[in-house]
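In Swiss-Prot this protein carries:
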- 1-131: topological domain 'Cytoplasmic' (TOPO_DOM)
- 18-95: domain 'Cytochrome b5 heme-binding' (DOMAIN)
- 132-152: transmembrane segment (TRANSMEM)
- 153-157: topological domain 'Lumenal' (TOPO_DOM)
- 158-178: transmembrane segment (TRANSMEM)
- 179-264: topological domain 'Cytoplasmic' (TOPO_DOM)
- 180-184: motif 'Histidine box-1' (MOTIF)
- 265-285: transmembrane segment (TRANSMEM)
- 286-305: topological domain 'Lumenal' (TOPO_DOM)
- 306-326: transmembrane segment (TRANSMEM)
- 327-444: topological domain 'Cytoplasmic' (TOPO_DOM)
- 382-386: motif 'Histidine box-3' (MOTIF)
Amino acid sequence: MGKGGNQGEGAAEREVSVPTFSWEEIQKHNLRTDRWLVIDRKVYNITKWSIQHPGGQRVIGHYAGEDATDAFRAFHPDLEFVGKFLKPLLIGELAPEEPSQDHGKNSKITEDFRALRKTAEDMNLFKTNHVFFLLLLAHIIALESIAWFTVFYFGNGWIPTLITAFVLATSQAQAGWLQHDYGHLSVYRKPKWNHLVHKFVIGHLKGASANWWNHRHFQHHAKPNIFHKDPDVNMLHVFVLGEWQPIEYGKKKLKYLPYNHQHEYFFLIGPPLLIPMYFQYQIIMTMIVHKNWVDLAWAVSYYIRFFITYIPFYGILGALLFLNFIRFLESHWFVWVTQMNHIVMEIDQEAYRDWFSSQLTATCNVEQSFFNDWFSGHLNFQIEHHLFPTMPRHNLHKIAPLVKSLCAKHGIEYQEKPLLRALLDIIRSLKKSGKLWLDAYLHK
C-alpha cells in the first residue's frame, strides 16, 4: 500500500506543469534589477541572489539573459555543492522547441568542447600535484629569506639594496602567480581550503585583497576583452584598445591623451605605475569602502612584517621608498606578462560567442619552456587556462594538443608565439589602435 501511495505521489508531481520560456523572453531579463540565466536548459531568476554570489554580482550578472552552462562548469569545481544554491532560484525550463544555445551560438563547437572537458576529467587533469605547489611556496619563502640575508650580511649599500629589491620583486611576482592558482580553486578539492590559502598568499605575502582580486579577475575570465564587462580592458581613458574603441573615441573627438603616441607613453605610464600607484590605492580603498576587514587584516600583516624586517636597515622613510621601488619593479613584470596574452587579441563589444570561441578570440599562448613557464606562472598557456580555469597549471600543457585539434576541426585560430614576439606585439597593438584613433579623429 505504501508503494502504491508513493507511485501516486510521483505521478501527481509529474503532472505539475513546469513553466517554459523562449529565448526571446529570457533575453529581456538582462538588467541589473531583473536577471535570468540558463544552465543546462533550466531557467533561474538570480535577481536578488546575485548580491550574495561569492564571486560577486557583476560576474554572474554578465550572463543575464544568456546560457551560462559552460561558465558555470568552468568556475565551480564542485558542481553538486553549488547546485544546491540554484534549486530555490529555479523558475522553469527552456521550451522544448528552443535550442540550448542563445544568440545563434555554435552548438557543434559547444558539444565538442564539453566532450573535451569530459576527456580532461577522464585523464585526471583536474587532479592536483600538491608537491608542485608546495615547492612554489617554498621557493617564494626562500627568495624572501635570501633578500633579508643579503642586506643583513652585506649592509644597506646601493648594490646590496638593488640585489635585495630585485630578489623581493621576483618573490612578489611569483607570489602573484601562486595566489592566482588558489584564487581559481585549482589546488585543493574543497573551496574553503583554496580560499584560506589564497588569503594567506595574496594578503600576508603580497599585501593585497582576495575579494578585490576575485571581483576583478572572475569578470575578466567570464567575458574576456569585452568592453563594459571585462575590467582589464577599462583603461580609464589612458589607452584605447582594439579596433572598435579607438574609432569610437575618434568619431566622438575624445582626446584625453594623444593616443597616437600611446605606444610610446606606455613605457612611462603602464608598467611603472600600475601596481605602485593604481592597484595599491584601489586595493586599500576597496577593502575600506566594502568593509573587507578580514582581507585588510591579512594585508596589514604583510606591511607589519615588511617594515619590522627592513626599518632597522633603512629607517621608516627609507623602508617606505624601498617598498615602492619593489612594487615598481614587480609592476613591470606583471604588466608585460599579463598583457601579452590579451591586449593583442580582439577587444570589442559583446558578441555573444560560445565559451570556447570567446576564449580563443581573446587569448593567445606563448611557447613553452622551463623559463617561460616559471616567468609567466604558466600563463603562457593562457588559452588552456581560460578554457579550464580550475585545472592545476602543471597540467595545462597536457590538454593543449587536444585544444589545438579542436581549433583545427572548427577552423578557429590557435595563436602561439615566442616570448619576445609576444612582448613586442603589445607595442605593435597599441600603435595600431593609436593610428585608428588618429584617422577617425581627423577624418570621421
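Placed from the backbone N, Cα and C atoms, the Cβ positions cover glycine too.
Mean pLDDT for the motif 'Histidine box-1' (180-184) in the predicted structure: 98. Taking Cβ pairs closer than 8 Å, the transmembrane segment (132-152) reaches residues 160-161, 163-164, 167-168, 170-171, 174-175, 177-178, 181, 187, 201, 205, 309-310, 313, 392, 394 in its own chain, all 6 or more past its ends. Packing against the motif 'Histidine box-3' (382-386) from elsewhere in the chain are residues 221, 224, 341-342, 359-360, 362-366, 393, 396-397, 399-400, 403, 414-415: each is 6 or more residues past its ends and has a CB under 8 Å from a CB in it.
Same-chain residues lying 6+ beyond the ends of the topological domain 'Lumenal' (286-305) with a Cβ under 8 Å from its Cβ atoms: 199-200, 202-212, 215.
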